[in-house]
Amino acid sequence: MPQKMLLDVASAGSGFSQASVDGQGDIGTPEAMAPIIVVAPGNRSVVAGSSETTLECIASARPVEELTVHWKRNGVRLTSGLHSFGRRLTISNPTSADTGLYVCEATLQGSAFEPARAKAFLSIIEPPYFTAEPESRILGEVEETVEIACRAMGVPLPTLQWYKDAVSINKLQNPRYQVTPSGGLRIQKLRPEDSGIFQCFASNEGGEVQTHTYLDVTSEYHPSAKPDSPDRPSHIMPCVIQNSSPDMSGQGSVARDVAPTFTELPADTTVTDGMTAVLRCEVSGAPKPAITWKRGSGSVQIPRFMLLESGGLQITPVFIQDAGNYTCYAVNTEGSLNASAALTVWNRTSIVQPPEDRVVIKGTTATLRCGATHDPRISLRYMWKKDNTVITPSSSSRIVVEKDGSLLISQTWSGDIGDYTCEIISEGGNDSRTARLEVIASSVAFLVITYALQEAENLLASLSPSRSHAVVLSWVRPFDGNSPVLRYIVELSENNSPWKVHLSDIDPEVTDITVSGLTPARTYQFRVCAVNQVGKGQYSAETSRLMLPEEPPSAPPKNIVASGRTNQSIMVQWQPPPETEHNGVLHGYRLAGLPSEHQQRNITSPEVNYCLVTDLIIWTQYEIQVAAYNGAGLGVFSRAVAEYTLQGVPTAPPQNVQAEAVNSTTVQFLWNPPPQQFVNGINQGYKLLAWPSDVPEAVTVVTIAPDFHGIHHGYITNLKKFTAYFTSVLCFTTPGDGPPSTPQLVWTHEDKPGAVGHLSFTEILDTSLKVSWQEPLEKNGILTGYRISWEVYGKNDSRLTHTLNSMTHEYKIRGLSSLTTYTIEVAAVTAAGVGLATSSTISSGVPPDLPGAPSNLVISNISPRSATLQFRPGYNGKTSISRWIVEGQVGAIGDEEEWVCLYEEENEPDAQTLEIPNLTPYTHYRFRMRQVNIVGSSPFSPSSRVIQTLQAPPDVAPTSITVRTASETSLLLRWVPLPDSQYNGNPESVGYRVKYWRSDLPFTALAQVVNDRLERELTIEELEEWTEYELQMQAFNAIGAGPWSEVVRGRTRESVPSAAPENVSAEAVSSTQILLTWASVPEQDQNGLILGYKILYRAKDLDPEPRTHIVRGNHTQSALLAGLRKFVLYELQVLAFTRIGNGVSSSPVILERTKDDAPGPPVRLVFPEVRLTSVRIVWQPPEEPNGVILGYQIAYRLASSRPHTFTTVEVGATVRQFTATDLAPESAYIFRLSAKTRQGWGEPLEATVITTEKRERPAPPRELQVPQVEVTARSLQLQWVPGSDGASPIRYFTVQVRELPGGEWQTYSSSISHEATACAVERLRPFTSYKLRLKATNDIGDSDFSSETEAVTTLQDDTNRGRKMALLDLEWRAATCSHVLEEVFGPTHLSQQPPRDESLNGLLQGYRIYYRELESEVGASPEAKTLKSPSALRAELTAQSSFKTVNSSSRLTTYELTHLKKYRRYEVIMTAYNIIGESPASVPVEVFVGEAAPAMAPQNIQIYYWEAGSQNETEKMKVLFLPEPAVKLKNLTSHTKYLVSISAFNAAGDGPKSDPRQGRTHQAAPGAPSFLAFSEITSTTLNVSWGEPVAANGILQGYRVVYEPLAPVQGVSKVVTVDVKGNRQRWLKVRDLTKGVTYFFRVQARTIAYGPERQANVTAGPAEGSPGSPRDVSVTKSASDLTLQWMEGSAGSTPTTGFVIEARPSDEGLWDMFVKDIPRSSTSYTVSLDKLRQGVTYEFRVVAINKAGYGEPSRPSPAVSAKVEAPFYEEWWFLLVMALSSLIIILLVVFALVLHGQNKKYKSCGAGKSISNMEESVTLDNGGFAALELNSRHLNVKSTFLKKNGTRSPPRPSPGGLRYSDEDICNKYNGAVLTESMSLKEKSEGASESEASDSDYEDTLPKHSFVNHYMSDPTYYNSWKRRPPAAAPLRYEAVAGAETGQHPPPVITTQSAGGVYTPAGPGTRTPLTGFSSFV
């Protein structure tokens, strides 16, 4: 049988509810029913920190198993605290973060029903707490004013009450006692009677706290007075110890008595009534003291009081009356003492109202009482048990334990039947009682109801208990409309979708049905209609929305991806399951497949679709699955995704490591790999480590590839010999190295020792000498002795050897031959053998001399940090050279500059080249050398040329880098610039690069470049507020950048938030409340510590300015605005604020309207028309409509009738008047007018009217006054006496206010009740004078205005805003004692702008300055400071804060803060105050105290220097960071006047400059010529010219021109050098070019030295596009001239413009330009013979010219003699010539025969090509170009030269002066013949410029050269190389560089492979000095 239960819930004539329980045998399938909220949660307010609070939400739906209930707070789904299937939400220990709107949503899973929702607001009440408390004792003098501080916070804001001696100060009504706006108490003009205890109570709904102080008013102030401790409670007796025994003294060891002393004092004891109390009292003494007890002044009573042996007192049992003070007395012959203790007795706790057996009806509430009595001083704890099981109320809000202990069980059912026990637990005892509860079901009667409408009523929907996805619908049969019901139709709405028919043909006999096939987690609504023959009836009211229960998701998440992120983490990502498979609201995801305790991991947000799984095992594969879950449970897991964690470093070292030395420098290692599970990745190999035991940092590392088979082995070589090494092996993977194995000590084997040191000779005689030495530096073992050997130089068979012990370091060799050279060797000996021998040669009988100085220093291979020095060793002093010393001038070069030792080389006696290391880049050096032998050191060599090392990047970063907060968006970076010595490059190219990035975003670095090398600070702008940055610096130059500095950190200053809170939403929860919720400001936009939020709200179009609601703290993100106007549209915005100020308001503005309510009364009710039988009533809508006015109700009655006999008329909402008729004449009527909204009728407005026609306007009110006691800072109360009403009742009053002195009258209110005689006028300005007036209004009209009141001034208020304080003028000065005191106090000047007058709110009394020391930025924690309480800015000032009050008028705008700490940051805020209180604080300002600019002229700190006359363009600065007595200014312009000034500086700025001093720099090498140009370029000649150097750097002495072909010409590479004296001639004629060859020209200027070169390339003609060679050149000679004729050749790219003629005299052999500027039209030219040199033969050629240049020259003309011919027969001496000619012919024949015989002698030697060596010189005239000649000819060439000016040059030196004997040339050259293929070069083509200029010296001999003959033969070699120093040959550099006045500058060319040699002197055989490229 179907089971049904119907519950009668209403009487006849009303509707009823029906509950249905379906069991087996249901009729039909129950239909789904939409979810409805049966019991909705209610708004609650709880105290923060209370144990818990519970919200209950009971929903119904069908099928019930599909019903799910979940909760949201402020729109966020809650997952914790849910009980009873989500019906109850328990919030444990609620805090302010739990405040908000809670929504209960009931959802029917699998259905389309909309969820049912119910809302409740939970507000958290925070108990009050003090933010400022008074001191325990306050001292004050008479007539002083004292303020007792008391400020408290809480939610809601607590109210403060003051009491004096337990009497409220409000009752005292003492005008001298005033409560300040901040809550403190100000007492003015103290009097002695003001002394007492003042208590401050702070209370709100959450509780009450109190603090107190004792005010002591004295006639004078006692600074030494200290607050007394409060009196002890009167019931606690002091413990008094007395000893009245006299002093006793004795002699010897006589025993004496001892007075009693306590070993255990009595202690206060608390017991429960009926228990046993024991008071301890143990005493020692001699004799044993007698102990007695007393209670108060009486004795204790026996038998309940028992004295224990120990002296204690036991009371059994204890009664309440036994409580009191007990004193223990101890007495013996030596004295007495006593001590007291208090006994407290508590009343015993017992149940006086036990629970009783109860029988209740099922579904009702059962109450079981449990009343108890207990001592009021203790607390009780109730515990209920059901059937001996403890009931936990938090698990079910259906069961509640009340405060009085009663147990309330609501909605009882059969499961509640049982025995209930109440247990009371307390310190006063425990008690329990038990009662029985029975639950029975009542009989139910079905109530039949008749309906007038044909609709189904009381439609209920509930979840089906037996079927999922189903809802049970039940309804009451409707009225059938007198026609039988044919069927029912059920429609449903799923998730608020349109209605649709779900069941269309339901049996008319059925009144319930199960709706199935619904979707989980969807909401449904249902409605039913009946159908009869007439048609469909009306639909029933729709059911409440029912949500089907959720079900677990039926599909897994999609697209699972896993990737290893680190060696212990894997990132897993996925996409949600298809929405249709959610089966509810996803709560999150669960990951499976993780290790051990992380086998599953929950993701509690459905929005998160990734998870970084951490704490995994390194290099391990995981198979990870993901499933989604909702409120119903976990869904389907996805397929497993396999992924490895990344590799890690090995965690175990290699095993079985063995290390053994193989030899003296090698150690062998053997090891096994670490276990595979500890490798944590792929084994990349092993590292063998070895380090000396005494130098652990010198680790040698050798990497070994892994070998996966067998034992691993490896070697470390090149170790130190016979040295103890620690060895170890480690394994490494890609991420890094694993741990090394345990170090093992290994000694390398012993080996032969190194060379002994400092071999020297003394006592040198003809047959003996003494040899001395020192131990070798490299012993390589244990020395066993020394072996000394000597032999005659070059005779090995004469060697003698002697062995010495290891302690001997000198030995005297005897038996030598005098004047004989010996070679002596000394070697150390170890067990491994004889070491390296140190040898030296010495001549016996002749002591060695000091060596001679090295010479010919040449520098090459110049790099940034090294250079190669080549030199000729000096005289060795008859012994070997033991050491070479190189000194140099660094940076500053000059005769007076300091020389420093740069390098020393030992044990290289035959060295000729040294590599000088450790040089400074881009630095000038000049070197000199000396050599050392056993006697001593040689003189210094001549200085080398000055070189400059190449540039290199800086080696170091800037130092002393500090970063300081500059502003909210900037940081100030300071550093110490690099000193000049560390630039490593051109100073002008030195700068700094700053890299900075956010600490949380290390990969987004930005950079800034500082190009000024002397800059020492940089402000980095455009940073983000309140953000920590990391910064690094590096220096750079033109070559590159140096290393980065260490990272420094800095944080920008806190600022206001730059963004508004997000997700701002508002919802009206009542007619006066709006709930506002929001999310936090994005972290990147917070810009500081969020102290709270401000809500700006105003009624739209009603409030002129928004009001502010402050929410303290960053955790509360909702607020309930209360006290709002009803049904008013509000504009709302939210902003966050920091201690700096307010952030950005949220946008757009949120608009929300409060809910409607019953309206207020209509206003301005008047009766403009009154007749004897009718009246017309006129009104205006209510000022507070509180909703949409739907209509008005007018009710009236005779005043004399019964109170409830009204005649009522309702009119529409637009009606504003009504006429009542049929009234009684001359009668008084009472009218009531009320308005109606949706919420019902509002408060009525009542008025009386008399039906009469005798009325007039009222008289104005009179006796207006404003009581002074009612005047406050912003309000006052106006009182008046109404005037005559004019026979018509007054309807309302109108108040107007005028602000003095010049304000207009403003209407304050025109709806003041007609019954009022006083009105509170608010919204006034403090400390402002006003006048007021009033008028009355009746039915006839307005009265006149009353007389004005006297001027009334509102009271002063605290200033409403702080004056705007900028960093304005914050100045600071350094104290003079700053270097002496540990804490230096320097003043800080603070300047400000006073507040505006309109914001003073009274008389400004002065300012208060708050300042505190901020934490140091260095090492500051990046974590934000956390506030313990969300208090105001004042609470931000810590205990270390200081406080200054400036009592002054507003004129003072500057104040000096003193006694501050040096080099500290301070924060300063200011407030203004008047007599009422204090204004809000200004924006905080930070200042750095302690640095100040120097105030005196400097000593040596900072140097400014500039060229005289151009300070602005040339001024530079040099910084010295350490005081020095002198400094060298470098990189100045040479030979220039400079002015120098110096000043001191520090971080605050620069001090004054000293007076400038003048000086001039020395001359230096000049700069490069300003330009290099070529002109008149033909195929063999050109003109080269150049410009004067821009930087002469001294007096120019001349120029050097060097040119050479870029490639060898016919196998010959020649370099030509020309020196031009003076500065006037800056051009040169070059005549020895080869056609079409490109030449490389270099020009240098010279002052005291040559400067850098200006270089250019030029190609000899003809130029491309130039004309062809002229044709048919002929010469015709006449008696006095020559005529040259030609024909024009082919034209070039442009027409021919002219011709030039070149000539070649026979005595020179070089072509030179002869005639220029011949026009094109001319084809002949005549020249007089007088212009030619007589007797010289000339050849001529013609060159055509066009715009492209000089063309190809013509063929040379026939040679023509320049001799002028005259007829010989005309001369008188003709006969004489003929006579002598015969004699001359004879002589010539004889001379020819002699020469012929001589030539035959050399025929065998001269068969080959003649040797072509030559040296040519050039003389430069004053007026023309020098002509150069280079030609391959024999050595005996004529020296004739044609000059343009017709003068002859001095003859060039001929190489004919070189003398070589015949056998030198023939015999000693081994018959070799120079061939055509022989390479003729002056220098190696591959040599660098530096090598070509300085590195070749005469000992370097070219292969196959002339000089090899001499070098290969010892006879000739020794004749010049081993010659004594006095006969040393002159170097070519010395010869060529010598300048003599009588010789012109030489031009030297070389065409041989060996070069040109200059003889050193007459009669000496000297090799040719041509191996330098400088020729």
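Residue numbering: from 1, along the chain as shown.
In case you wondered, yes, glycine gets a Cβ from its N, Cα and C as well.
As recorded in TrEMBL, the features of this protein are as follows:
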{"type": "DOMAIN", "residues": "35-123", "note": "domain 'Ig-like'"}
{"type": "DOMAIN", "residues": "128-218", "note": "domain 'Ig-like'"}
{"type": "DOMAIN", "residues": "260-344", "note": "domain 'Ig-like'"}
{"type": "DOMAIN", "residues": "349-438", "note": "domain 'Ig-like'"}
{"type": "DOMAIN", "residues": "455-551", "note": "domain 'Fibronectin type-III'"}
{"type": "DOMAIN", "residues": "556-648", "note": "domain 'Fibronectin type-III'"}
{"type": "DOMAIN", "residues": "653-751", "note": "domain 'Fibronectin type-III'"}
{"type": "DOMAIN", "residues": "755-849", "note": "domain 'Fibronectin type-III'"}
{"type": "DOMAIN", "residues": "853-952", "note": "domain 'Fibronectin type-III'"}
{"type": "DOMAIN", "residues": "957-1055", "note": "domain 'Fibronectin type-III'"}
{"type": "DOMAIN", "residues": "1060-1157", "note": "domain 'Fibronectin type-III'"}
{"type": "DOMAIN", "residues": "1161-1255", "note": "domain 'Fibronectin type-III'"}
{"type": "DOMAIN", "residues": "1260-1357", "note": "domain 'Fibronectin type-III'"}
{"type": "DOMAIN", "residues": "1469-1564", "note": "domain 'Fibronectin type-III'"}
{"type": "DOMAIN", "residues": "1568-1663", "note": "domain 'Fibronectin type-III'"}
{"type": "DOMAIN", "residues": "1666-1764", "note": "domain 'Fibronectin type-III'"}
{"type": "TRANSMEM", "residues": "1772-1795", "note": "transmembrane segment"}
{"type": "REGION", "residues": "1842-1861", "note": "region 'Disordered'"}
{"type": "REGION", "residues": "1877-1898", "note": "region 'Disordered'"}
Worksheet item: Any chance the domain 'Ig-like' (35-123) and the domain 'Fibronectin type-III' (1666-1764) have 3 or more Cβ pairs under 8 A, given the pairs are 6 or more apart in sequence?
Response: no
Discussion item. Just to be sure I understand, if DSSP states are collapsed into helix, strand and coil, how many residues of the domain 'Fibronectin type-III' (556-648) fall in each?
Written reply: 6 helix, 47 strand, 40 coil
Fill in: For the domain 'Ig-like' (128-218), residues assigned helix / strand / coil by DSSP
7 helix, 53 strand, 31 coil
Fill in: Taken over the domain 'Fibronectin type-III' (853-952), the model's mean pLDDT
90
Worksheet entry | For the domain 'Fibronectin type-III' (1666-1764), residues assigned helix / strand / coil by DSSP | 3 helix, 49 strand, 47 coil
Worksheet item: With DSSP helix as H/G/I and strand as E/B, how many residues of the domain 'Fibronectin type-III' (853-952) fall in helix, strand and coil?
Response: 0 helix, 43 strand, 57 coil
Worksheet, complete the sentence: Across the domain 'Fibronectin type-III' (1161-1255), DSSP labelling yields 0 helix, 50 strand, 45 coil
